[in-house]
């Protein structure tokens, strides 16, 4: 029967019962059928029907999950998702969407699955989400989790690796950080090669839901609700353990900044979820660094704690592993400063500087020995085995 909320000839922005205002993109969508915002129709064709939807929070947001946009009018033929890092002063593309990327944006079509760790920051054009009126074709994604998976594994089980990369690589951290988002709708779902000029009222944009999940970097105390992403500001809810004029820091005798992390919006609570300052490392029980670090970081996405800045050539969630180029000293305890021994692979005879758990290096053809500094019979050493 179709959606009875969908505008036909009964749209009137001045009448609450017949209006489809922007707020309906951010209301609760548990009901059926959905409520939604709807644009004007394409009555001025062939003039482009272009609409910008801007989400501004006056906060720095670190994205933690996919951005999901649900269309009730068919997904647009052309769309650009843009981001700002400076509160809307400048914008840069996040991803292009089109039924024909080459024609619309002079870009070859790509999928996130075509990317890798080395190309994860590439801005792509995808044709996956621009198939107009096909069945179950309401949703458009900006794939955050698929990009996370390049560092954390396909099931996101190694989040410590991801957060290690985010902690040390500013460009990667900035990629997943926004202060504003802008959805640029450039061409509605047509569904055919040609626009039906006799029925232009069928062409419009309608969005029932926009979901953005992220951590907020808080800068001050406040008591304002953050129930809707359409608000101009989101505020942090600081707990009593937060220190004085800076709610980003924990009070004395509470570990910080390592064990404090920003709260989450959206969350099960409409006011967002605040993270408390944790009274001591020992009370957590899962932040044991074996003496190789005295700093920890709480990852709210996983509700776990990892060691930060591991020393003595160690790495890992608890500083229990050895850095690349080192191997475990079997005669030393995990809390020994000499628990990791350098591989000392001969650079001329080894494939790389890493060794296995027994300290044996991977040798080039003709080389042998634990450190690849000897030659196999029939080879002689001349800056390597030949």
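The backbone N, Cα and C atoms fix where each Cβ goes, glycine too.
Predicted automatically and left uncurated, TrEMBL annotations should be read as such.
What TrEMBL says about this protein:
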DOMAIN    1-215  domain 'Laminin N-terminal'
DOMAIN    343-386  domain 'Laminin EGF-like'
DISULFID  343-355  disulfide bond
DISULFID  363-372  disulfide bond
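What TrEMBL annotates, mapped onto the structure for a quick look.
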residue	record	DSSP class
343	disulfide bond	coil
355	disulfide bond	strand
363	disulfide bond	strand
372	disulfide bond	coil
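Highest local Cβ density among the disulfide-bonded residues 343, 363, 372 belongs to 372, counted as other Cβ atoms within 10 Å over all protein chains shown. For the domain 'Laminin EGF-like' (343-386), same-chain residues at least 6 beyond its ends with a Cβ under 8 Å from one of its own Cβ atoms are 324-328. In this model, the domain 'Laminin N-terminal' (1-215) carries an average pLDDT of 84. Distance noted between the C-alpha atoms of residue 372 (disulfide bond) and residue 343 (disulfide bond) is 11 Å. Separating the Cα atoms of residue 355 (disulfide bond) and residue 363 (disulfide bond) is a whole-number distance of 10 Å.
Each residue contributes its Cα atom, and for residue 363 (disulfide bond) and residue 343 (disulfide bond) those atoms are 13 Å apart.
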